[in-house]
Amino acid sequence: MEGAAAMEMEVQAAPKAKFRIPVDDDSKATEFWLFSFARPHMSAFHLSWFSFFCCFVSTFAAPPLMPLIRDNLGLTAKDIGNAGVASVSGAVFARLAMGTACDLVGPRLASAAIILLTTPAVYCTSIINSASSFLLARFFTGFSLASFVSTQFWMSSMFSAPKVGLANGVAGGWGNLGGGAVQLLMPFVFEAVRKMGSTKFVAWRVAFFIPGIMQTVSAIAVLALGQDMPDGNYRKLHKSGEMHKDSFGNVLRHAVTNYRAWILALTYGYSFGVELAVDNIVAEYFYDRFDVNLKTAGLIAATFGLANIVSRPGGGLMSDWLSQRYGMRGRLWGLWVMQTIGGVLCVVLGIVDYSFGASVAVMILFSLFCQAACGLTFGIVPFVSRRSLGLISGMTGGGGNVGAVLTQVIFFRGGKYKTETGIMYMGIMILACTLPVAFIYFPQWGGMLAGPRKGATADDYYNGEWTAEEREKGYNAATKRFAENSVREGGRRAASGSRSRHTVPVDSSPAPADV
């Protein structure tokens, strides 16, 4: 009987063999093959991070060339500050819309659409001739940062709970690398065009065609090669009945009534939001404060963004590791500790403005903790809701842009504060806005300061988003599978207890070669 049962289990699991990468019973990858393009899981990973990378390059292509653009267009400090605010403010609403679009039509179409719609603004930067046109170009280009939401939603749809923090961290971190890479890329392209015989005021305009082309190519690749879910695109899954087609009202209601989403949006405002603000000011700050040349300022600024190659993925990996040992409570404590240390380092960065070497060293340390906190945040987001995963990802991502806007307006717009003073105050805001993480509580897993509620289960938490009638019709099937696969968020004891309860005898004899 045991052998027959095992054979039946193997036959039932056989369809999963269509994936090269190991998957769970929800077709989500249980491993993360960084250098593989295995479809659809790893191909979605590479498409998502690269398209987001290109959007980051486009959005922050102007700051490395700001001294040239400033002189060419006669921009004032207020004009530059307003443009910096504009570059991150549009994405606030775009990210909310992107989250909803991911829930309703899937990450592939949603991502490609926003990238293609914002590409013309990148090309138009080459023909701007005034402060107002510069502001508009940066505003509309900034909408492309909404592709971050589709990146995180896509990874949460493709990877299982034990790997989702790492997948989200690497995809988001490598995408954010664009903020560092562009600090090197744009001065390099500018110099290359200059050597071809162009004047410097023509060369910086020509340079903007490079990020425009990159963004266009990435959108076409997402459309041509991407897939929404492990088992197919939304349209196919809706048509076959394998996936319930939800309504906007239900998605919205379950997102805005979940207080955890609002706290994560606030805290993300002072991790990723701070990163955006620093991307806008750091090159100009070192150029003006320490009298370095444009290339040196760009190189220093690049180190802040390039730290994402290890920092944000490291945060995601840390989130998964803490979950393995301590469950969701470990993820929450990890976020609070890393972001608090980042806040302290930000304060220190504003204080050591008298020393070039100390400023560079502290900035690099600050970037590591700030960006790791971003990865830790999106190690938690996938567990807040399943029915409204996209919109909650959008709310959190939008919170990052709100934080960037507030920080730019309060501290770096006009001449109210010296830049170093604004940086110090920004660090204090990080410390204050990280405190509410202590209030996030999952009944089935607990929070930073309290353990789980007796008798509460993940099944109750997630299926509570569906009515009895919807559950009866099976609309919550994917939600139920996720709840079953997220048992380790209760910590080692809960995970081991679940394994012992669900142990199934397996025939140890070799399976036939064709099974």
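The backbone N, Cα and C atoms fix where each Cβ goes, glycine too.
TrEMBL lists 481-492 with the feature compositional bias 'Basic and acidic residues'. Through the fold, the compositional bias 'Basic and acidic residues' (481-492) approaches residues 24-26, 28, 160-162, 323-331, 383, 386, 442, 444-445, 452, 457-459, 461-463, 498 of its own chain, all at least 6 residues removed from its boundaries and within a Cβ separation under 8 Å.
As annotated by TrEMBL, region 'Disordered' applies to 480-515.
If you look up TrEMBL, you'll see 47-68 (among others) marked as transmembrane segment. Panel annotation: around the transmembrane segment (47-68), residues 80, 83-84, 87-88, 107, 111, 115, 118-119, 122, 125, 134, 138, 141-142, 144-145, 147-148, 150-151, 154-155, 170-172, 174-179, 181-187, 190, 200-201, 204, 207-208, 211-212, 214-215, 217-219, 221-222, 225-226, 279-284, 287, 294, 298, 301, 305 of the same chain, lying at least six beyond its termini, place a Cβ under 8 Å from a Cβ of the stretch.
The transmembrane segment annotation in TrEMBL covers 109-128 (among others). Sequence-distant contacts of the transmembrane segment (109-128) (same chain, six or more residues past either end, CB-CB distance under 8 Å): 48, 51, 54-55, 58, 61-62, 73, 94, 98, 101-102, 134, 136-141, 143-144, 146-147, 150-151, 154, 205-206, 208-209, 211-212, 215-216, 218-220, 222-223, 226, 228, 234.
Taken from TrEMBL, the feature transmembrane segment covers 135-154 (among others).
Residues or ranges marked as transmembrane segment by TrEMBL: 166-190 (among others).
What TrEMBL lists as transmembrane segment is 202-225 (among others). Below 8 angstroms of C-beta separation, residues 43, 47-48, 50-51, 53-55, 57-58, 61, 65, 68-69, 72, 108-109, 111-112, 115-116, 118-119, 122-123, 125-127, 144, 182, 185-186, 189-191, 193-194 of the same chain, each at least six residues beyond the ends of the transmembrane segment (202-225), sit close to that stretch.
The transmembrane segment feature in TrEMBL is assigned to 332-352 (among others). Tertiary proximity for the transmembrane segment (332-352) is limited to same-chain residues at least six positions away from its ends with a CB under 8 Å from its CB atoms, namely 267, 270-271, 274, 315, 318-319, 322, 326, 358-359, 362-363, 365-366, 369-370, 372-373, 376-377, 379-380, 420-431, 434, 437-438, 440, 447-448.
The transmembrane segment annotation in TrEMBL covers 358-384 (among others).
Annotated transmembrane segment per TrEMBL: 391-411 (among others), in sequence order. Long-range contacts of the transmembrane segment (391-411) within its own chain (CB-CB distance under 8 A, at least 6 residues past either end) are made by residues 81, 84-85, 88-89, 91-93, 95-100, 102-103, 145-146, 148-149, 152-153, 156, 251-252, 255-256, 258, 261-262, 264-277, 280, 374, 377-378, 381, 384-385, 417, 421-423, 425-426, 429, 433.
Beyond the ends of the transmembrane segment (423-442), by six or more residues, the same chain brings 259-260, 263-264, 266-267, 269-271, 274, 277, 328, 332, 335-336, 339-340, 342-351, 370, 380, 383, 403, 407, 410-411, 417, 448-450, 452, 461, 489 to within a C-beta distance below 8 angstroms of the stretch. Among the features that TrEMBL reports, transmembrane segment is placed at 423-442 (among others).
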Review point. Same-chain Cβ contacts of the transmembrane segment (135-154) under 8 Å, 6 or more residues past its ends?
Key: 44-45, 48-49, 51-52, 55-56, 58-59, 62, 79, 82-84, 86-91, 94-95, 97-99, 101-102, 107-108, 110-111, 114-115, 117-119, 121-122, 124-125, 128, 168, 171-172, 175, 215, 228, 378, 381, 389-390, 393-394, 397, 401
